[in-house]
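According to TrEMBL, the protein carries these features:
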type: DOMAIN; residues: 54-540; note: domain 'K+ potassium transporter integral membrane'
type: TRANSMEM; residues: 88-109; note: transmembrane segment
type: TRANSMEM; residues: 215-233; note: transmembrane segment
type: TRANSMEM; residues: 245-267; note: transmembrane segment
type: TRANSMEM; residues: 293-312; note: transmembrane segment
type: TRANSMEM; residues: 324-344; note: transmembrane segment
type: TRANSMEM; residues: 364-391; note: transmembrane segment
type: TRANSMEM; residues: 412-434; note: transmembrane segment
type: TRANSMEM; residues: 446-468; note: transmembrane segment
type: TRANSMEM; residues: 475-496; note: transmembrane segment
type: TRANSMEM; residues: 539-559; note: transmembrane segment
type: DOMAIN; residues: 553-785; note: domain 'K+ potassium transporter C-terminal'
type: TRANSMEM; residues: 579-597; note: transmembrane segment
type: TRANSMEM; residues: 818-835; note: transmembrane segment
type: DOMAIN; residues: 848-961; note: domain 'Plastocyanin-like'
type: DOMAIN; residues: 974-1111; note: domain 'Plastocyanin-like'
type: DOMAIN; residues: 1191-1328; note: domain 'Plastocyanin-like'
Amino acid sequence: MEMASRVEIDEDNDNKGSMWDLEQKLDQPMEEEAGRLKNMYMEKKSSALLLLRLAFQSLGVVYGDLGTSPLYVFYNTFPGKIEDPEDVVGALSLIIYSLTLIPLLKYVFVVCKANDNGQGGTFALYSLLCRHAKIKTIPNQHRTDEELTTYSRSTFHEQSFAAKTKRWLEGHVSRKNVLLILVLVGTCMVIGDGILTPAISVLSAAGGIKVNRPHLSNGVVVVVAVVILVGLFSMQHYGTDKVSWLFAPIVLIWFLVIGGIGIYNIWKYDSSVLKAFSPIYIYRYFKRGGKDGWTSLGGIMLSITGTEALFADVSHFPVSAVQLAFTAVVFPCLLLAYSGQAAYLMSNRDHVVDAFYRSIPDSIYWPVFVIATAAAIVASQATITATFSIIKQALALGCFPRVKVVHTSKKFLGQIYVPDINWILMILCIAVTAGFKNQSQIGNAYGTAVVIVMLVTTLLMTLIMILVWRCHWILVLLFTGLSLVVECTYFSAVLFKVDQGGWVPLVIAAAFLLIMYVWHYGTLRRYEFEMHSKVSMAWILGLGPSLGLVRVPGIGLVYTELASGVPHIFSHFITNLPAIHSVVVFVCVKYLPVYTVPEEERFLVKRIGPKNFHMFRCVARYGYKDLHKKDDNFEKKLFDSLFLFVRLESMMEGCSDSDEYSLYGQQTERSRDGLLNNNGNTTCSYVDTTISSVDSIVPLRSPVTVGSSGQASSQTEADEMEFLNSCRDAGVVHIMGNTVVRARRDSRFYKKIAIDYVYAFLRKICREHSVIFKVPHESLLNVGQTSVTRHHIEVSSSCNLRGLLLQNHTKMKLEGSGFGQLCVLCLAFAAVLVVKAESPYRFFNWNITYGDISPLGFRQQGILINGQFPGPDIYSVTNDNLVINVHNNLDEPFLLSWNGVQHRRNSYLDGVYGTTCPIPPGKNFTYNLQVKDQIGSFFYFPSLALHKAAGGFGGIRILSRPRIPVPFPDPDGDITVLIGDWFKYDHRILKPVLDGGHKLPSPDGILINGRGPGCASFTVEQGKTYRFRISNVGLQNSLNFGIQGHKMKLVEVEGTHTIQTIYESLDVHVGQSYSVLVTMDQAAQDFYIAVSSRFTDKILTTTATLHYSNSNKAVSGPITVGPTDQIDWSLNQARSIRTNLTSSGPRPNPQGSYHYGLINITRTIKLVSSAALLNGKQRYAVNSVSFVPADTPLKLADYFKIGGVFRVGSISDNPIGLNTYLDTSVMGADYRDFLEVVFENHEDILQSWHVNGYAFWVVGMNAGLWTPNSREEYNLRDAVSRSTTQVYPRSWTAIYMALDNVGMWNVRSENWSRQYLGQQFYLRVYTPVNSTRDELPIPKNALLCGRAQGKNTSQIDSLFY
């Protein structure tokens, strides 16, 4: 059965990087498994009878806190004495309109409708916003999460006010952090409510004892209140399931009683208080009371306390039931209760302290006292439960340390108990009650907490109305303005009482805010570290089905916070252990901004790699209301989902209704005939290839008959199910990473305190993941690392050696449960526990293949890397170790070279034939590179023959280490742009032309990232700044690069930060790389990116598209190209490129700290290029010597001391005037010499020269011949340091070069046909000292060829390899 696969690259993903494309092929997302479920949550329409029943039940849960406010409002409003009866009417009027505006209009009829699928509270609003804008600070969401049944969101037009608000919120991290802090402040105040509500409610209710028994002291009341509170908090672990049925009757009776008493008091004492419904009395109240009247608003504020609890507890009932209960029962009863108390106070102004109890008729005093105490307990219970709930939400969203959460009811999901928080609340509640001893100061504290929560809700509701409801801005302004006017008025009043108890919630909130924000900050930093350090899945698959280890029976569950990629700690596990489980499942447990994830949608399972790897990924998703209950068997559910996935996968393989099916998603196969249209013009097709090498990674099944396919898939399913069950029976080991976050030494002191002390303490006392997931201790393996050093490995696991059997020292067999497996793994890991600290490793696995490409509209054979043209980008950081495993699937030898990478002390891996043996067809070789002390933009390319004319090139970016300052802000995007001239003929056709002694014709076109004219596109966002890394990877032509309507700020050239000069276009010569910053400051439309050839008879031009994401206009206007033949213009531009002396390079010290201009020159070398015919064939030379390759790489011959391969000194330091001749030219030089090298160009073409292994200072260039007097023109202060320089026609260029890198280094023309025909030589930098400090030994895995075959590298001692 023939197996074929086609790889298609989508131009929309250009700016994501080619490694992203590869990763998507290897580690596929979850779209298929997630599916689209369209039955989104909707509030059920209830019958009238059911609605009444729910409204009745909502009284006990939602309105307990609001209903007990009459116990203490008037006392806190008039803590002294009522001076004027009219003040009572004014206060009553304020209460009436406060209840109308805030609870009734704002909350019941507006805010409650902003529930998150029925859930209320601050975090519910935040979760709702997170679904409509990318404001969640931990970026672990995936587009498949949006397909959940409970994940509802709305869309809006890009030009709408909502879209602009969304972009503004997403535009900067600081705005997201401000919003998060705002949410955390509101949350902390709700926690404060959980402390103050029981205190003031129970104390006020208990105060009724003293009214009827005046001889009792206030201390007795406090003791009674404390006893009730202790009992209340002590009973929390039993839950409220068994007694909650009493709550609604108690609260209903309470409302009816206080309403009835109110009617009685109005009738008995003074019905004139009803005039308070006129707002004129509010004006008179403030006019008469002045400042005292204003500060009394702190007491009036208590009449609407419990409103936030109303919104937080709305999740238990439909909004219509809550609205009905409030309008029909709560609101009228409260108005009657307050009016009745006001009527009583009109006649009894001295009784304001105990106004509620004194207004009760004597005949029903004690029954009302009992009901009041019961109502106070219900109100306290509601706020305590709400506090537990909001702690759970904060925990789920990564904003609170992991604490124990107990599910107290099998019937109701929301009934939970948090022991640690419960006892903290109890202690603080008792402290407040016993400390203040009176309602007044507690009331002041209570009011402060409530008004701040309301302000937070108003601000969040403003965003909800804009982003979710998409209201007109006038409605948004009206709601926000009215709410803020009322609430800010109350807030200004409570500020006057901060010193009278109002400081309590501020202190409590500050403490909880510190805990929550530090925890979130540490969690975010840990997640970012794991994202940055994750291992490419390509490296894992490159190890083969065995992963390079012994696969022992059993299943390893590797827990990670990453939903894609492999956690860094697992690479240490793989690298250092000799064994791994037969089945490996990467388990990601993550919480989403939804209230719940249905059980049937909980797990997403996907296979990683081919079936014989037996690797899977499982993402377990939870909402902020979901819990890991005690009766949950997480492991069982995970395996059930895994087995179900295998069955479904097998069934889908058996389908015959599609031509091809991939286990990783269906791929559209583009017809090869589509590469050319009828006229043979370019059609922007890039790659369409049959690649046998990736069949093992992305297996596509050919169609077969239904019967045979069904039988085959059934058999495969049975075999795999049996294998998985046997592995499960052998034992399961849970592998959990434990990353320790520490602040860097140069961090500011407050960050050190926050991370090293506060966060570390919280991590120490909080619960472990293994406890949360109910993982048996005997099946647990903890692997730890420190995120600052990135190298420290420690194993935290106690292992018994029972169950370990070693056979023949090579095979391992495990018997028994996961405990035995754990012992094997621990023993193996202990053997390699001591590891040398070194820089981070990045792993790449590349398959080199041929494939059909047609960038200029003509089908030709290209060289692809992992099916990509151009190849994948290499992303790295200074000092990273790059482990690149290259599989040569061509039918000819192959080598990759790394343009600009200096390979410190290690020229063996330079990747040119003079240093490295080619990779034979069908073989592989692993480059172990280190980008030591380097930053900047570079590229790699194939160095043999004319492979460079067929592709195989890609970008290299080396970023600065986090602690090293960069002289410009972080760009919003980092884009690699590879430009170069291109022939429409295969490299197999071009090579014989050169071998026959002929010149190549002019190139046929120019490519941008492998695309022809008009085919490449780069999507950007308006107003943002992007870094473009431009490299000329072509064969011979200098190119001019520019972007229509945009300025380019040059910031870096081949590893050197430059003076930031603005250019409209840049000359980029062959082999050179530049970094520019471009700000998208133009109108929302598309623009040309224009590239044209320089100094050529035939001007070649190509374009790409710079696409604004909000573009409403296609690219238009003339294509602006730079000058094509103005040498002076280009020369002046080159001279203007200078080093930024004050900025740091790869190290912290400024680039200008190395004063190259003050160093004495030890040697001057003058190199003159020439062209000649030898035996009728075209050749090119340097100082009359045309290079011919030897039969053995020169570096190997030098290392193994093989004579007759080359001769040092076979090329002179200066032109000697001889005719051109052939030789294997090698120039000798001493380590630590400081050279002056002059390139002279006597021809009419521009030349470009490159020196491998070095960066040099370009100190001068000018027209004519160089003379010693030319040194007067040198720039000895801030010349740019780079590895490739141009030499203009009939001109010279001078460079300074410090020989600090021992090895054999290629010096070559970057005009590739000239290099191929001899315009190159090797510089042998030598030291007699045989020390690894100066040069590393030959790698143990070095390929040997020519006369070096049979030599031994296995006995070489090395600390590096």
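Using the three backbone atoms N, Cα and C, a Cβ is placed for every residue, glycine included.
Automatic prediction, not curation, is the source of TrEMBL annotations.
Sequence-distant contacts of the transmembrane segment (475-496) (same chain, six or more residues past either end, CB-CB distance under 8 Å): 98, 101-102, 106, 110, 294-298, 300-301, 444, 447-448, 451-452, 454-455, 458, 461-462, 465-466, 502. Remote same-chain residues near the transmembrane segment (412-434) are listed as 191, 194-196, 198-199, 202-203, 222, 225-226, 229-230, 233-234, 236-237, 239-241, 315-316, 384-385, 387-389, 391-392, 403-406, 442, 445, 504, 508, 596, 625-627 (criterion: CB distance under 8 Å, separation of at least six residues from the stretch ends).
Of the two recorded stretches, the transmembrane segment (293-312) does not lie close to the transmembrane segment (579-597), with fewer than three CB pairs under 8 Å once pairs fewer than 6 apart in sequence are set aside.
Recorded stretches compared: 54-540, 974-1111, 1191-1328; the one with the most Cβ pairs under 8 Å to the domain 'Plastocyanin-like' (848-961) is 974-1111.
Within its own chain, the transmembrane segment (364-391) has Cβ neighbours under 8 Å at 60-62, 64-65, 67-68, 71, 121-123, 187, 190-191, 193-194, 197-198, 201-202, 204-206, 208-209, 212, 228-229, 232-233, 236, 240, 247, 250-251, 253-254, 257, 261, 306, 309, 312-313, 356-357, 400, 403, 414-418, 421-422, 425, 625, counting only residues six or more beyond its boundaries. Counting residues 6+ beyond its ends, the transmembrane segment (215-233) has Cβ neighbours under 8 Å at 198-199, 202-203, 206-207, 209, 373, 377, 380-381, 384, 422-423, 425-426, 429-430, 433-434, 437-438 in the same chain. Across the range of the domain 'Plastocyanin-like' (848-961), the DSSP-based residue counts are 7 helix, 52 strand, 55 coil. Helix, strand and coil content of the domain 'Plastocyanin-like' (1191-1328), in residues and according to DSSP, is 18 helix, 61 strand, 59 coil.
Residue counts for the domain 'Plastocyanin-like' (974-1111) under DSSP (helix as H, G, I; strand as E, B; rest coil) come to 9 helix, 71 strand, 58 coil. Below 8 angstroms of C-beta separation, residues 51-52, 55-56, 58-59, 62-63, 66-67, 69-70, 73-74, 88-89, 91-92, 95-96, 99, 103-104, 108, 252, 255-256, 258-266, 268-271, 273-274, 276, 303, 310, 351, 355-356, 358-359 of the same chain, each at least six residues beyond the ends of the transmembrane segment (324-344), sit close to that stretch.
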